[in-house]
Structure formats: structure tokens, C-alpha cells
Amino acid sequence: MQFEFRPYQRRFRQSLKTHYGEWSVREGILIRLDDRFGEITPLEWFGSESMQDAIELCQSAPHDIDLDWIQQIPFPACQFGFESALNSEQFQAMPQSALMSDEWRSLWDQGYRTFKLKIAIAPIEIEIATVQALLDQLPQHANLRLDANMGLTESETHQWLEFCDQSRIEFIEQPMRTDQFETMLKLSQMYRTAIALDESVSTLAQLKACYERGWRGIFVVKPAIAGFPSQLRQFCREHQLDTVFSTVFETEIGRRAGLQLAAELSQRAVGYGTTHWFDELNSEDFEELWKSL
Ligand SMILES: O=C(O)CCC(=O)c1ccccc1C(=O)O
Ligand SMILES: [Mg+2]
């Protein structure tokens, strides 16, 4: 197969604020194998390879690539990009969760019924009050998820879970650091509100390790950084994992491949409602995306 690649940069309409700080430009790589497309979107702070690693891998690739070469790729975001290019089929629509910016109403009008809010950015009392105010406004049948990106202490996590148990929150995502696994496991058994692991399970190897250590709560799966889709599919099926599939801000190319896996493997609304965060590279036509770079 003839291989080509094109790096891209995509600016957020407004920077995304998380516990890690602000994110203003997404960098990735579109790849092409004959007439099939794939996408590489590293997320180094989640433990994937860096953008530099991915570029170097693409630069060192032969012009004519075969399956053996693809199977030897050592990096998870590259594994996803190449293998999903081989297998790009059609995808099925799934209910989507919108990553909230300021306004939920326009997202509601676009059809979203599940929303996700980043927390652990401001002091906890302020954030709990904000979430309460939001719940007071949202229609009863809306779902709300909270994502702390590892930013809470154990006592703050208790505080949030107590609040969530009194309200209607679907889950809290990655409340604490990955080295606090045992504490999160204990907390997941103490409250009605579920905990979803995200940073703890960003690659398939980590996901397997958390399963083996006893995690039976929700697993956030970011297929674009999880490694070979074929291996991910096999593990999720074998163990009937309760999963939420989630974007790392791919273009439509990586996103379709992720949604296709989600439709096969997950029951929950997918965390791919993020197109409102970008003005550029929003086309749904792969050829057009490719040509624009
Ligand atoms: O999962 C979603 O609903 C939206 C995507 C999201 O929050 C995200 C996007 C890029 C990197 C990290 C994260 C995250 O879940 O922490
Ligand atoms: Mg998360």
C-alpha cells in the first residue's frame, strides 16, 4: 500500500480549560494508505507517544507499507491510525454527549441530551454551586457527567460523590490521580454515583491492568490513543466492559473509526460531541480534509 501523511494544527474556538490548564491548538496527522484514510492524534499527557514520536514514525515509514510493518508499530496513537485506516467501514449513529462550553441551550437545540462538564478547575464550593445551578436549569431528562481530570483529593471526591448521590449525575470521571487506584476502587463501592476511569485506562495495557485489579465501574475508552482497535475490541467483548467511548479531538477521519467501535462495544452516549469547539477542519468529507492540508 502506498503511504502518505500530512500533519495538521487545529485551533480551538476558545481554549479548553481543564485541571491540566488551557489547551488552545490540537495537532495531529492525517494518513493515507492508497485511497483509505486514517488519523493519528497523540495525547502525551495521557501517556501516549508525543506528536514528535508520531511524526518521526511516519517519516521513517517505507513508501510502500505492508501489514507486517503495521503490526510492528510500537506507539498506541499510531497503532490506531494505521489499523483503523485499513478497516474503515461505515459507522452507525450513537447518542452523543456534548462537552460543555458556556451555553447548554444551543447544544440542547442541536439535539444533545447528555452533557459533560470539566471540574477541579475552581474551588470546590464554587463548582458544586455551579453544577447545582446548572441542574436547576437543565430539563429533567438531561444527563450530566463531570470530569475532574485527576484534580480532586480524597476528601473532595467524597464531597462530590455525596453531592452527586443527592442529585442526578451520571458519573464522575477520573476524580483522582492514577496512583490513587485503591482509593477510587473503595469510593466506587461506597456511593450510588458511578466513577469512570479515564487517565488510568488510556492505553489497552493500562485498561487490562485496572480490570485485573478489580475495577468493575465505568471505563472511558479513547480509541484514538488505546492502541490496535482489533485488540481493544477483543478485550471489551470478552469481559463485557461498561464503557464510554470518548474523543481526543480527532477530525472526522479518526472520529468515524472511534464511533464505529463504540457502536459495536458500548451502550452509553459517546463523548464525541465536540465539533462546536473548532472552526477549522470540520469537514465530513475525508478527501476534502486531506486536500485542505
Ligand atoms: O469525553 C468527552 O466527552 C469529551 C472529550 C474529553 O473530555 C477529552 C478530550 C481530550 C482529552 C481528554 C479528555 C478527557 O476526557 O479528559
Ligand atoms: Mg476525561
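Note that Cβ sites are derived from N, Cα and C of the backbone, with glycine treated the same way.
Neighbour count (other Cβ atoms within 10 Å of the Cβ, all protein chains): 19 for Lys118 (active site, proton donor). Lys118 (active site, proton donor) falls within a strand segment according to DSSP. Taken from TrEMBL, the feature active site, proton donor covers Lys118.
According to TrEMBL, the feature active site, proton acceptor maps to Lys222. Applying an 8 A CB threshold to same-chain residues 6+ apart, the list for Lys222 (active site, proton acceptor) reads Leu43, Phe46, Asp198, Ser202, Phe245, Ser246, Thr247, Val248. DSSP gives Lys222 (active site, proton acceptor) a coil state; it is part of no helix or strand.
The annotation Mg(2+) binding site is assigned in TrEMBL to Asp147, Glu173, Asp198.
Marked as domain 'Mandelate racemase/muconate lactonizing enzyme C-terminal' by TrEMBL: 97-194. For the domain 'Mandelate racemase/muconate lactonizing enzyme C-terminal' (97-194), DSSP puts the residue distribution at 45 helix, 17 strand, 36 coil.
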Q) Within 10 angstroms of the C-beta of Glu173 (Mg(2+) binding site), what count of other C-beta atoms is obtained when all protein chains are considered? A) 25
Q: Across all the protein chains here, work out how many other Cβ atoms are within 10 Å of the Cβ of Asp198 (Mg(2+) binding site).
A: 22
Q) Over the domain 'Mandelate racemase/muconate lactonizing enzyme C-terminal' (97-194), what is the model's average pLDDT? A) 97
Q.
DSSP secondary structure for Asp198 (Mg(2+) binding site), reduced to helix/strand/coil, please.
A. coil
Q) If one looks at the chain holding Asp147 (Mg(2+) binding site), which residues at least 6 apart in sequence have a CB under 8 angstroms from its CB? A) Thr18, Lys116, Leu117, Lys118, Ile119, Ile172, Glu173, Gln174, Asp198
